[in-house]
Amino acid sequence: APNPLVRLFYELLCRKCNHKNFENDVDEDLELELREIRIWDIEAPPQNARDFKTVSARRLIVVFARLGISQDKRLYISLSITVLSSSLKTSSLMRLGTAALSIAGLLSYVSAEFCQQLCDFYPACRFSKHSSYTKDNGVCAGFYHKDKGFCFQPTEGRACDDTTLRPVFAPNVRHQPGKVLIIYTGGTIGMQPFANGTLHPVPGYLTRQIHSLPELQATGMPTVSVVEWENLIDSSDMSPEGWAAMAKAVEDNYDDYDGFVILHGTDTMSYTSSALSFMFSNLAKSVIITGSILPFDEPHSDARRNIIVSVLLAGLYNVPEVSIFFGTHLLRGSRSVKVDSGAIEAFESPKFPALASMNVGVNFLDTSLPAPTGPFEVQKEMESSLLVMRMSPGFANLESLALSDVKGVVLLLYGTGNAPSNQPHFTNWLLKLKEQGIPVIAVSQVVRGTVALADYAAGAQLLSLGLISAGDMTAEAAIAKLSYLLARGYTQEEIANTFGKSLRGELTENNIAADDPFRDLSFDVSE
C-alpha cells in the first residue's frame, strides 16, 4: 500500500478534481498538464516517499501552482506540506508532526505563523516577516506568506547564502497589513482656492487630512507615513529632476516599507508613471501613483477614495510595478494615458488590460510582470534633450530646424506609422538625423493604434530612413523609454535593437506567449 502521506496527497487531489480514483480516472486536461511538465507518468504514479523525493517535492508544488490549485488556499497548504513532508530526511515522528500541521492547515486557514512552524522543521531555514527560506540539496527555495496560506517558489541552481536569499515573488497576493509610504508631490488633490477661485497647493493641508482619515485607522489597514515635498508643484511643472526626486524617495525608504503611493497631478501623471517604470529595475514592491480630478475638500471629491484604495492595494497586496490607480481601475504605469480632464475615470490603458478593478472587492487579472532577476536598482538620470513632434498636414519645412542639442526624436505619425512620402524636405531631414546618429522613434497618433511601418509604402520608406517602431507603446512610454536608454549611453543602433523589446511591460512583443511566472523554470527529473 502507498505511504500514508502519499495516500493523503491523492485523496486531497481527488477531492479537488472531483475524482474518486485519481489513478484510474484522470481529467484529461490535468493529465496533459502533468505530462507536459514531465513530473511523473500518470499511469505509474509515485508510490512512496522515496519516489516523491526522486521527482522532487519542490517541483510538484510548482505544478500545483500552474494547475491553479493554489487558488484553494486550504487545499494548497495541505498538498504542499504533505508533499514536502514526504521528501524530508527526518524521522517518522517528525513526518507525522508535519502531517499533523498539514491537517491543521486544511482545517484552519492559517497565516504566516504557520509558515514559521513549517520553517522550524527544516535545517538552515530562515524566517522573516514576508518569507521563509530553506535549502534542499544545496538549492535555495522559499515560502512567501499569504494572509491565509503561502506560495512556494524554487530558485533553481543557486546556493543558499546571504547574497542569494531574496523575497519570493508572489504578485497580487494578499498579505498581512504592511507599511505604506505616501510621497506627496502636489497636484489638484491637495489644492485649495484663492479668494478669486483659482486653485493653489497649501503646504501641510493634505498631510493633515490623510492622517485624520478614519478609514486609514481601521483595523486591518496598512500603517501609513507621509513625506510631503517642500515645494508642492502643479504637475505641469514636472521634470526629469522631479522624477529623480521621487525615485530617490522610494530608493531611500525601500527596505522600510512594503509599498509606496505617490500623490501627483493628473496632467503629467502618465509621463511620470512611464518614466518611473523604466527608472526602477527589479522592482518587487508596489509603487502606485494617484491623484484626483477634484480637490480633497470638495464634498463629492474623488480624492478620498483614490487615496484609501491606493494605500489598501500598496499595503495589503504585492503589485510589483509602477501603476496608476484612478476611479475603479489599477493600470500599468507604462500603458496608461489621460483620456478625460473632467471625469472620475480620467485614465485608461487603451492597448493593455487593467491590472485590477476595484468594485465590491479587488479583482486582479493575470497580467503580472515576470519575477525580478536581481536586486532593486534605481537610475536617476534621464535624458531631457528630446524633440517630440506630432505630424499634421502642411507642417513647416524641418530642414532649418536646429539639431545641435537634440539627442533623440519621437514622431507621432498617422495610423500605423505613415508620413508624407512626396515631401523631400521631410525625408531629407530624417536622413540628416540618421547620419548624425540621432534615434527617431515612430509612435501612432491613434489611441489604440500600433505602428507597423512595413504595411504601407509610406511607412516602408521610413524604415529605410532609420525610423524605429514603437509598436503599440503610448507616446508617454516611448518618450520615457528613449530618455531612459539615452541616459544609459545607448547608441542609435543599440536603441534600434532594444526598442522593440518589452522592458517593463510597455509594449506587446510579437510571437511572445502570455506572461507565465514559471515560464523560465526547466525541470530535470533524472535524479
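Just so you know, the numbers here start at 1 and follow the chain as drawn.
Even glycines carry a Cβ here, placed using N, Cα and C.
What TrEMBL says about this protein:
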type     : residues         : note
ACT_SITE : T188             : active site, O-isoaspartyl threonine intermediate
ACT_SITE : T266             : active site
BINDING  : S235, T266, D267 : substrate binding site
DOMAIN   : 179-365          : domain 'L-asparaginase N-terminal'
DOMAIN   : 398-499          : domain 'Asparaginase/glutaminase C-terminal'
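Within 10 Å of the C-beta of the residue listed as 'active site' we count 22 further C-beta atoms, all protein chains included.
Shown in sequence order, G187, T188, D234, S236, M238, H264, G265, T268, M269, G291, K338 are the same-chain residues outside S235, T266, D267 whose Cβ sits within 8 Å of the Cβ centre of the substrate site. Candidate recorded positions: T188, S235. Fewest other C-beta atoms within 10 angstroms, S235. Around D267 (substrate binding site), the same-chain residues at least 6 positions away in sequence with a Cβ under 8 Å from its Cβ are D234, S235, S236, K338. Across the residues of the domain 'L-asparaginase N-terminal' (179-365), the predicted structure has a mean pLDDT of 95.
For the pair formed by T266 (active site) and T188 (active site, O-isoaspartyl threonine intermediate), distance between Cα atoms is given as 8 Å, rounded to the nearest Å.
According to its DSSP assignment, the residue listed as 'active site, O-isoaspartyl threonine intermediate' is helical.
Applying DSSP to the domain 'Asparaginase/glutaminase C-terminal' (398-499) sorts its residues as follows: 40 helix, 15 strand, 47 coil.
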